[in-house]
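One structure is given below, encoded as structure tokens.
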Amino acid sequence: MRGSSLSSLPTRTAREQAILTGPILPTILRLAAPNAFTVIVQSLVIVVETVFVGTLGPQALAANAYVFPFLVLMQTMSTGAMGGGVSSSVARALGAGDLARARALVLHATLIAIGFGLLFTLLMRGFGPAIYGAMGARGTVLDLALRYSDTLFAGVTTIWLANTLLSIVRGTGNMAMPTAILLATAGVQMTLGYALTQGVGPLPSAGIAGIGWSTILANGLGAATTLAFLFSPQSRVRPAVAGVRPSWPMFRDILRVGGVAIFFSLQNAFAVMVLSGVIGGFGAAAVAGYGIGARLEMLQISIVFGIGAALVPMVGMNFGAGQIARARRITLVGALAAAAISGIIGTVFAVMPQWWSGLYTADPLLREATATYLQRVGPTFALFGFGICLYFATQGSGRVIEPVLAATARLVLVLVGATLVIRWGGDYTMLCWVIAAAMIAYGLLAGAALVFTPWRAPEPAGRAAPPTVAQVSTATAK
């Protein structure tokens, strides 16, 4: 019996062995390093594109502030939410030694990406005017917001495809290839963004719509490049095409993580949208200043993703291999590292808010509004980063409901607090304190969920649970 079990064990790559048996922190850092570099470049893209929009005038900048949360929503949903579900499914399949299942998951993940991309095209093209109008956009600002949004969402499926395919690669523990592709994509996006917004050579200026064009074209290129890599001999999980038909259990395996995780992204975006609408009542300077400050908050999701993307395959493979205690240790170590990084960023910009606001505007009123936000909310970024990282890590376990519920509690606190601020005649400063309190509560609740929620690895349907690495080592020695 023992001999048959060992003979059926799959061949592990060196990367998978490191994830399953190597020292935790060095492995996290090694996998996160490429992601961290990517995050820096992608953050630069956001800053640079906002600078391009800023040259078009304050109305274009305000229009961008209304559309930006939806762009972030698409990125976080396709990368951190549904993308996390994809990475988790692939990682757990590899951890269990089921390479055929991992290969079949590629088709299902791709179909999910196309479906969600088309859904958001229909929603935002059909209801964009009502959505931005409800957020407070009026007149020229609304027209500019729609010009940008309609262009972006006409091709938003490219964003979903690019990020989903990259998530498949990350699920194998390969972070270097996604980084290389994303760096190339970022270069193309910034180049096109400048050319299409400013008008270079024979290219006419498309104004704010140029940012939308640059985004969908660059992501289309990224999706094509990633697909080519997946079919290459260098790919650990080459897509299975022949004989593979859509299967509900495969979809369910992805959606039970990604589908729930989507609510995390929706809640974050909804909180920003609601606050933008409420703050609009305090004047244009307040909403623009909040928009600049909220960019740094939203960037924490991308920054923590550098670590979180490494944790998904690490936790997922260890779950698939039955190493639950190690998976929990990986989660805690990664979350503490993320808290340290976000805490440093938030504290620095709370002390020197002009370093951030100065990237976008020289208007003293806007810079003052940004400072008001960062000085109160920035110091709480440590707990925000801690909670976000737990959200990413638990995707690897296939159970994300607790971190999502913590985010729900944060949203409820923001909504209740904003309502009370308005009812009591409070000001913008008071609202910033509400945002900070909700962020603290989120981090504490997410941490409590990790401590008090037991983790159990489900056995794959129809087959015995795979042996743990420790069991394999013991059996081999005997």
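Glycine residues also receive a Cβ, built from the backbone N, Cα and C atoms like all the rest.
Unlike curated records, TrEMBL annotations are generated automatically.
Outside the transmembrane segment (105-132) by six or more residues, the chain places 66-67, 70, 74, 77-78, 82, 86, 89-90, 93, 142, 145-146, 149-150, 153-154, 156-161, 163-165, 167-168, 230, 237, 239-241, 244, 246-247, 250-251, 253-255, 258 with a CB less than 8 A from a CB of the stretch. Under the heading transmembrane segment, TrEMBL lists 105-132 (among others).
If one looks beyond the transmembrane segment (152-169) by at least 6 residues along the same chain, the residues whose Cβ comes under 8 Å of a Cβ in the stretch are 67, 70-71, 74-75, 78-79, 82-84, 86-87, 90, 105-106, 109-110, 112-114, 116-118, 120-121, 124-125, 128, 177-178, 181-182, 185, 211-212, 215-217, 219-220, 222-223, 226-227, 229-230, 235, 237. Per TrEMBL, the feature transmembrane segment maps to 152-169 (among others).
Residues annotated as transmembrane segment in TrEMBL: 176-196 (among others).
Under the heading transmembrane segment, TrEMBL lists 208-231 (among others).
Here TrEMBL flags 270-292 (among others) as transmembrane segment.
The feature transmembrane segment is assigned by TrEMBL to 298-320 (among others). Sequence-distant neighbours of the transmembrane segment (298-320) (same chain, 6+ residues past either end, Cβ-Cβ under 8 Å): 16, 19-20, 27-28, 31-32, 35-36, 38-39, 42-43, 46, 68-69, 72, 75-76, 79-80, 84, 87-97, 170-173, 175, 268, 272, 326-327, 330-331, 334, 337-338, 341-342, 345-346, 381, 384-385, 388-389, 391-398, 455, 457, 466.
The transmembrane segment annotation in TrEMBL covers 332-353 (among others). Among residues of the same chain six or more beyond the transmembrane segment (332-353), those with a C-beta under 8 A of the stretch's C-beta atoms are 24-25, 28, 293, 296, 300, 303-304, 307-308, 310-311, 314, 367, 370-371, 374-386, 388-390, 393, 443, 447, 450.
The feature transmembrane segment is assigned by TrEMBL to 373-392 (among others).
With a threshold of 8 Å between CB atoms, the same-chain residues lying at least 6 positions outside the transmembrane segment (404-422) that come near it are 260-261, 263-264, 267-268, 270-271, 274-275, 278, 281, 387, 391, 430-431, 434-435, 437-439, 441-442, 445-446, 449. Annotation source TrEMBL lists transmembrane segment at 404-422 (among others).
Marked as transmembrane segment by TrEMBL: 428-453 (among others).
Among the stretches 208-231, 373-392, 428-453, the one making the largest number of Cβ pairs under 8 Å with the transmembrane segment (270-292) is 428-453. Long-range neighbours of the transmembrane segment (373-392) within the same chain, counting only residues 6 or more positions beyond its ends whose Cβ lies under 8 Å from a Cβ of the stretch, are 80, 84, 261, 264, 289-290, 293-294, 296-297, 300-301, 303-305, 307-309, 311-312, 331, 334-343, 345-347, 349-350, 353, 356-357, 400, 403-404, 406-407, 429, 432-433, 435-436, 439-440, 442-447, 449-450. For the transmembrane segment (428-453), the residues of the chain that approach it from at least six positions outside its boundaries are 275, 278-279, 282, 286, 290, 328, 331-332, 335, 339, 369, 372-373, 376-377, 379-384, 386-387, 390-391, 394, 399, 402-403, 405-407, 409-411, 413-414, 417-418, 420-421, judged by C-beta separation under 8 angstroms.
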